[in-house]
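One structure below.
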Amino acid sequence: MRLLRPLAGTPNRLALSLTVLYVLCGYGSVLLARLAAGPLPVLDFAAGAGLICLLLGGRRGYLSVWLGSVIVQLPQLAMMLELQPALLLAGLLALVSTAEAHLARIGWRNSEMRIRHPLLREPRELAHFWLHVAMLPPLLTQPVQLLLLNLAGLGGERGFLETGWYLLMLVLGHASGLFLLGPCYAGWRDRGRWPRLLSLPWWWIAAFIAVLASAFLVYRHTLMLVLPLLLVLAIQYGLPGTGLAMVLLAVASVTATARGLGIFAGGMPGLSYLNLQVFLFSTGFMLHYLALAQSLLLRHRMRLEAEVIARTEALTASNAKLAELATIDALTGVRNRREWLRRATEQLLQARRYPAPMSVLVLDLDHFKLINDQHGHHAGDLALIAACDACTASLRASDSFGRWGGEEFAVLLPATSEEESRRVAEKLRQAVAAICISLDTGAVVRITASIGMASLRDDDHDLERLIRRADDALYRAKRGGRDCVVCDSGEA
Ligand SMILES: Nc1nc2c(ncn2[C@@H]2O[C@H](COP(=O)(O)OP(=O)(O)OP(=O)(O)O)[C@@H](O)[C@H]2O)c(=O)[nH]1
């Protein structure tokens, strides 16, 4: 099946490959039928192959099924009829096979959506599926096939009851073919699991073969031991696993029964195969339901996990956004008052624990109200942003710059002596004084700042006291004419 994938792009090669698949399955079924006395059509894999051809090949699949069916039937018919009637009959029988595949395909397509539901709500959905895919198509087409054979004089010397029995075997044989190969196709579509299937531990295969060998050669009742093995396959490997295992089990059982071995052998040959089909159908139905439910659950779980990952990522992103909003001033992008205070408190503790100089500056833009009044609030906002940019560009990464409120800012200079802090304050004053904002109106806005400074002293028990001293110095700077730096000592 994997081999068919690369051929999907070349329609003629795909049609050819599907015909080959049909013919192989058809000859396989003929061989199995010949094993059974009669010969009895016990497992018609060609019916399942027909369905796969139509599902994979679409319109081209019809030609593959018809042609494949002619190739399989013609040699047998040619042995009993002249070439011309044999050709005609093979063509007609192939039409019946194509119709059967078509009906199965309709059943498959119609029920597929119900089956794909994440939790396969009711087992009856699967029963409905198989009724429309595996039972109804042969039930509607096989009587026609038998009628054609009888009209051609190939019906044999069967009485009414015998004909009914043969028809039942024919219908069940085709239903089994559809029932066994359908899951293989579904498993192929679920081919993500194939690599896992290839890594099937050898002892599973050995155990499977050992149970079959023991059931058909040693003690027939050990066949029941395949049930737990199949159960594990269904859980571990889903439909690809159960599909393949069921085909193996079916072929082995039919071969053994035909040779008089195993639990189904003995009694009327037809009855043995009927019992075998009942076993295969009930086992397969249970396993397919389990495998399907398992893979649907897995898909559902993967979808849920992907959803959880996506939501966690969204939550992390919105948490980061929230954290940013809680610490950053929306207009200027610098730290807000709360964040500045948090950092300043930390730095103060640090400076007390490992004694180091430290200063606080309080910077206030001068006559800011005038800018708002003369040029509008937007110009005021631009001035605030420009002042922040200028100040942060003049500071070290270890310094903390934050918006205290309105047009007032606070600066923390850790590990900086009083003299150095004075120089930094002067640098900030000059940086603000150098700002020149050209407005759309053509007006030019210039700003200046007054700065109050306080350096940490032994009697500064808390941050509040240090800030208050810097604030007092700022007040003196304003009183002293603005656009200047004043230290809490009172010097300008
Ligand atoms: N555009 C703008 N203006 C603001 C913002 N926050 C505060 N202001 C304004 O800043 C002005 C501050 O005015 P005042 O407290 O009188 O101070 P000032 O005009 O700078 O005077 P001095 O500080 O004495 O030099 C007020 O008009 C506030 O409305 C803001 O985010 N954007």
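The count begins at 1 with the first shown residue.
Even glycines carry a Cβ here, placed using N, Cα and C.
Keep in mind that what you see is a predicted model, and the values were worked out from it rather than measured.
Now, the feature entries from TrEMBL:
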- 12-30: transmembrane segment (TRANSMEM)
- 36-56: transmembrane segment (TRANSMEM)
- 63-81: transmembrane segment (TRANSMEM)
- 87-108: transmembrane segment (TRANSMEM)
- 129-152: transmembrane segment (TRANSMEM)
- 164-188: transmembrane segment (TRANSMEM)
- 200-217: transmembrane segment (TRANSMEM)
- 273-293: transmembrane segment (TRANSMEM)
- 356-490: domain 'GGDEF' (DOMAIN)
Per-residue pLDDT averaged over the domain 'GGDEF' (356-490) comes to what?
95
Within the same chain, where does the transmembrane segment (12-30) have neighbours whose Cβ lies under 8 angstroms from its own Cβ atoms, ignoring anything closer than 6 residues to its ends? I mean 6 or more beyond.
3-4, 41, 43-46, 48-50, 52-53, 56-57, 60-61, 63-65, 67-69, 71-72, 76, 173, 177, 181
For the transmembrane segment (36-56) against the transmembrane segment (200-217), do we get 3 or more Cβ-Cβ pairs below 8 Å once near-sequence pairs (under 6 apart) are dropped?
no
Selected stretch (most C-beta pairs under 8 A with the transmembrane segment (164-188)) from 63-81, 87-108, 129-152:
129-152
In the same chain, who gets a Cβ under 8 Å from the transmembrane segment (87-108) while lying at least 6 residues past its ends?
46-47, 50-51, 53-55, 61-62, 65-67, 69-70, 73-74, 77, 81, 129, 131-134, 136-138, 140-142, 144-145, 148-149, 152, 154, 174, 178, 182
